[in-house]
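J.: After the structure tokens below, expect a handful of questions from me.
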């Protein structure tokens with residue numbers, strides 16, 4: 001049986017909020033089987049829990065934000081969720097003492113490191129996968145995103161930026177998902193932005209925590225970061241990273257093919273909502289063995305049952 005996963009014990013880190021520029025403390029704790037990912041605002045009295053559900057993604061400008069019915073939000077969840085998805089973690093409690101997840105270095109890599117350092121624990125319940133049975137597609141002008149039936153989890157992703165640096169890079173990528181491929185090829189790709197936009201955002205009290213420490217910054221002609229890029233195709237890889245995180249609010253690892261052209265947070269969430277609303281387009285399945293399972297997550301070292 002392929003089992004559900006959580007973290008072995010609590011792990012904590014401190015970072016900066018991208019939009020506020022303030023210090024943010026993040027804790028990741030083990031959670032019971034079938035509880036999914038639940039985020040908790042510990043800076044509020046009493047603390048407020050927000051489950052990671054597609055219908056609670058109510059803000060997608062520059063990030064993905066969960067907002068409950070009282071308007072309480074937790075923003076910038078996508079990089080953390082990409083790490084959770086990439087390592088196959090089904091259940092976790094995410095505590096944060098601010099309205100946003102810390103941006104860390106702008107990628108999923110610090111979260112992957114945290115999760116691997118504390119250890120991953122298999123739980124005594126079968127892992128559920130969301131298998132795509134019918135094509136689901138949403139469009140917005142020339143942008144589109146689609147999920148199709150497929151035996152594993154495959155990504156076919158294209159971006160289209162006219163900036164000279166991005167235009168010279170590879171703007172298309174195909175990959176077969178596995179935890180090892182995610183960690184090696186995707187997790188270190190950083191968010192990117194343009195100097196002209198950053199100046200405007202700061203003038204409007206946004207992106208106050210943004211810097212070259214947590215983003216690839218471009219002027220009109222070049223990358224401004226002294227160390228350059230981590231991957232030659234870091235731009236398309238970061239968009240794939242974002243999509244991994246955005247898709248994980250479906251609540252399960254996806255078995256299917258994800259195809260995208262110029263998509264972003266809003267379109268990704270529309271796709272998840274459209275998928276879940278069409279109940280004959282998907283099914284939940286479990287698998288007996290790693291060989292049988294179509295999506296490969298690395299086996300946690302020293303796994304124990306809870």
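Cβ coordinates come from backbone N, Cα and C, glycine included.
Per Swiss-Prot, the features are:
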ACT_SITE  265  active site, proton donor
BINDING   79, 238, 242  Zn(2+) binding site
J.: Residue 265 (active site, proton donor): which of the binding-site residues 79, 238, 242 is the nearest Cα neighbour?
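T.: That would be 242, the closest of 79, 238, 242 to residue 265 (active site, proton donor).
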J.: Using the recorded Zn(2+) site (79, 238, 242) as reference, state which further residues of the same chain have their Cβ within 8 Å of the centre of those residues' Cβ atoms, listed in sequence order.
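T.: Here the nearby residues are 78, 82, 106, 107, 108, 189, 190, 191, 239, 240, 241, 244, 245.
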J.: Which secondary structure state does DSSP assign to residue 79 (Zn(2+) binding site), in the simple three-class scheme?
T.: helix
J.: Run through the Cβ atoms and count how many others sit within 10 Å of the one on residue 265 (active site, proton donor).
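T.: Total other Cβ atoms inside 10 Å, all chains included: 20.
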J.: For each of the binding-site residues (79, 238), count the other CB atoms lying within 10 A of its CB, then report the residue with the highest count.
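T.: Within the set of binding-site residues, the most crowded position is 79.
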J.: Excluding near sequence neighbours, so keeping only residues 6 or more apart in the same chain, what lies with its CB under 8 A of residue 242 (Zn(2+) binding site)?
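T.: Looking at Cβ-Cβ distances below 8 Å from residue 242 (Zn(2+) binding site), excluding near sequence neighbours, one finds 64, 78, 79, 82, 191, 264, 265, 268.
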